[in-house]
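**Student:** Take a look at the following structure, please.
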Amino acid sequence: MTLEVIGISVLWLFLFGYIIIASIDFGAGFFNAYSLYRGKQHILTKIIQRYLSPVWEVTNVFLVFFFVGIVGFFPKTAYFYGTTLLVPVSIAIILLAIRGSYYAFTTYGGLKQKIYVFLYGVSGLFIPASLSIVISISEGGFVTLEQTGPVLDYLKLFTSPLSWSIVVLSLTAVLYISAVFLTWYADHANDIEATELMRKYSLIWAGPCILTATGIIVEMHGHNHEHYTRLIHLWWLFAFSLILFVGTVYLLWKRIRYGLAFGLLTGQFALAFFAYGISHYPYLLYPHLTIYDGFTNEAMATALIFAFLAGLALLIPSLILLLRLFLFNKEYVQGKQSNHP
Amino acid sequence: MGNEEAVFFSRVLTEMTLSFHIIYATIGVGIPLMIMMAQWVGIKKQDEHYILLARRWTRGYVITVAVGVVTGTAIGLQLSLLWPNFMELAGNVIALPLFMETFAFFFEAIFLGIYLYTWDRFENQKKHLLLLIPVALGASFSAIFITIVNAFMNAPQGFDIVDGHLVNIKPLLAMFNPAMPTKVAHVLVSAYMTSAFVLASIAAFRLLKGSNHLYHKKALFFTMKVGLIFTIATVIIGDFSGKYLAEYQPEKLAAAEWHFETEGKAPLILYGILEDGEVKYALKIPFALSILAHGIPSYEVVGLNDFKKDETPPLYIHYLFDAMVTIGMLMLVLSIAFIAGLWRKWTFISSKWYRSLIVIGGPLSILAIEAGWWLDEVGRQPWVLRGIMKTKDAATSSGQVDTMLILFAGLYIILGIGSIIVLSRMFRKNTIEQELADRVTEEAGELD
């Protein structure tokens, strides 16, 4: 395996990590707001707060890790994506900033007005939408190279069915992933009411999620035929992914093994995400940038991989400690310990 | 928008983001160390007040961390959004420390979460101390790594340039560049110093407002003592930084000092104004610049006139130098007087006017941090990578930077006001007297 492939695999893995835990986070904010609107907040808020509080900061680091890593391994991405993404990414940063600090302000500082809960819930849905634009752009067709540098064609982007399908997929996936996780978490906490509510939401969002995912493959046929062909070559990976999806829905329907259901869901998204990634190879931005012409020099790549391994040796035990103390600690999850800061 | 405007707005936006970020970042580097030390003193002295000090500081710290994290994410992304050409070039050489910084940050984030939510889980206070060590280490190491990136921009090395391309890259050599030792050391100790004085300022404020609780007196003594130690360190390392500049970046030193002619026995100019190339109303300390630059009075310091006009930084950085040094000296005197006063039992240190000075000391220290960074960054102009890439060649070609500037300005106003409101509410509602009383009832409840 070449250094380039190792580099992009590492980054893809971290991006996947971010997508899963950020989806839980964004979705939790939305369900919290929605349940307030429906007068069911008392059922969900405690469960959601207990999960989010110790991990909200860690979620953010996954994102930072990804964008620092991609500029490190592939410095040319800074030139192409940096120039074209100023507006959408700035909007995402502002929403992330308001959301992150609002969370700390309310959780620790006692600012608790209804309006903020709504803003918090809704902003969480705009973030995946504004970040998913990057995926659309990477498919090519929206960026032209002018003499001054790369330019993004906003009109084309906003009128493209592909980019809208990707936005809709990001939204349904966020809600589906989050609902399944919270079903399991609430069940873990022996909170029957919350489990039932989240189970209902999981089943509601399962359909739209798988429908939009399939829709994108159809859109791709018209937008980027080369990529479409490579996607079809990997049909078996998507087939496995679909089987896992069916498994998750079955377990939820039967009200059994919610932990396994979340595991299958992670597997489903991992397979689809990596199959998509592999079919994208070797392009970072079709057709201007491949992972080969955008790669950093060999000395830096080796140093980065060493730093990455050393960092993981430090991080994995710490992450396991965090999970054991909070996610897998029944006393904590059930709220039997006083854990107020 | 033409290139010139894009460069201008990109500079303003970067400056605004960083100036806002470093307030929270500096506190974020220093306060974990203070929390850890307070916890340690509390265990050693078996004094509950210090343990409470650690906890109350942490509660406030979480709010500043949140703003620090989100603005840090903003500047991290803005580097690529606003300066794509710079990141494309520098990413080849300097990605390593940038990457390591995220690891340090990761480490800190994990253990801060654990520390916060296990406050009452372990009986043994030493376990809480153990959790605080990685928080403090992570905070300091992220400052170290990110300052290394900045040091590289001031003294780029570790590569060769062949036909405009960077080749033969040595990542470690790039990290351990000549600017790195003084810069990293100065950033660290000044962050510790500032955090100590910010916390001292809070304790002094509570005492001024009429609370006469022993807790605040202990807090004040602790922070002023720590503050004094780090102020001395900051001053000494500041002197080393001057020597570094004379050797490697003479144009920055010359501009900061309004030193035009190359000469030995150079005087240090403090204050004053510049009118048509004439320095007026300044305080001149003979030989001091030569001593600052090299340690001997006869040392020949290179003057501004020896540089190309389009490669020297703007002259207003002199005022920034003055502000930084003056505040540093003031804090040194203030903390020496406090410690000496405690020792010799001088009563003025508990007087209203003296405590008011300590209250002002916290914000002043933050101002000094801002002035120091502006001096450092503007003093590097017109270069983004000194000697290699000019700032005007690094900026984005995008035409929407001005709109983004307005959006971000709005964001920082909201975050600034929000964090002040939340922080003051948190501590005004829950005074130390209240918290101590609550703990007593809680313990009584557990016994029933």
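Keep in mind that glycine also has a Cβ here, set from the backbone N, Cα and C atoms.
Quick paste of what TrEMBL says about this protein:
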| type | residues | note |
| --- | --- | --- |
| TRANSMEM | A:6-34 | transmembrane segment |
| TRANSMEM | A:55-74 | transmembrane segment |
| TRANSMEM | A:80-105 | transmembrane segment |
| TRANSMEM | A:117-142 | transmembrane segment |
| TRANSMEM | A:162-182 | transmembrane segment |
| TRANSMEM | A:203-222 | transmembrane segment |
| TRANSMEM | A:234-253 | transmembrane segment |
| TRANSMEM | A:260-279 | transmembrane segment |
| TRANSMEM | A:299-327 | transmembrane segment |
**Student:** By a Cβ-Cβ criterion of under 8 Å, what residues six or more beyond either terminus of the transmembrane segment (A:80-105) are in contact with it?
**Tutor:** 29, 52, 56, 60, 63, 111, 116, 119-120, 123-124, 126-127, 130-131, 133-134, 137, 143, 149-152, 284-285, 288-289
**Student:** Can we call the transmembrane segment (A:117-142) and the transmembrane segment (A:234-253) in contact, meaning three or more C-beta pairs below 8 angstroms at a sequence separation of 6+?
**Tutor:** no
**Student:** State the residues, same chain only, that lie 6 or more residues beyond the ends of the transmembrane segment (A:203-222) and have a CB under 8 A from a CB inside it; answer 'none' if no residue qualifies.
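**Tutor:** Distal contacts: 139, 161-162, 165-166, 168-169, 172-173, 175-176, 179, 228, 231, 238, 242, 245, 248-249, 252-253, 272.
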**Student:** Does the chain bring the transmembrane segment (A:299-327) near the transmembrane segment (A:6-34), so that three or more CB pairs sit under 8 Å (pairs 6 or more apart in sequence)?
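**Tutor:** They do touch: at least three Cβ pairs between the two stretches lie under 8 Å.
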**Student:** Do the transmembrane segment (A:260-279) and the transmembrane segment (A:55-74) share at least 3 Cβ pairs closer than 8 Å, excluding pairs fewer than 6 residues apart in sequence?
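**Tutor:** No, the transmembrane segment (A:260-279) and the transmembrane segment (A:55-74) are not in contact.
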